[in-house]
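As recorded in Swiss-Prot:
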type	residues	note
DISULFID	75-90	disulfide bond
DISULFID	82-95	disulfide bond
DISULFID	89-110	disulfide bond
SIGNAL	1-21	signal peptide
C-alpha cells in the first residue's frame, strides 16, 4: 500500500511541477503572440496610413486641376437682368436698358450686340 501512495505522490508532484512549467510556457507564448500581434497591427496601421496619404494626394491633385480649368465667374444669359455697374453677361451679349416692352422695368438686361 505504501508503494501505491509513494507512486501516487510522485505522479502528483510531477504533474504539478510540469503543469506549472506548461503554465509558464503558455504565458511566455501568449506574450510572444501579443508582441507579434502588436507588430502586425503596427504594420497594418502603417500600410493603411500610406494608402490614405496616397488617396489624399490624389484628391488634392484633382481639386487643383478642377480649380485651374473651372470658370472664375458664371456669365448671365440673354434676357436675364444684369447690373449696369458690374455686367456679367456672356460673351457676345451686352448689358443694356430694355427697349419698348421692358421700359417699365428699372433694371438692365443682357442682349445680343
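Even glycines carry a Cβ here, placed using N, Cα and C.
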Disulfide-bonded residues compared (90, 110) - highest count of Cβ atoms within 10 Å:
110
Secondary structure of residue 75 (disulfide bond) (DSSP, helix/strand/coil):
coil
Assigned conformation of residue 90 (disulfide bond) - DSSP reduced to three states:
coil
Tell me the Cβ neighbour count for residue 95 (disulfide bond), meaning other Cβ atoms within 10 Å of its Cβ, over all protein chains shown.
20
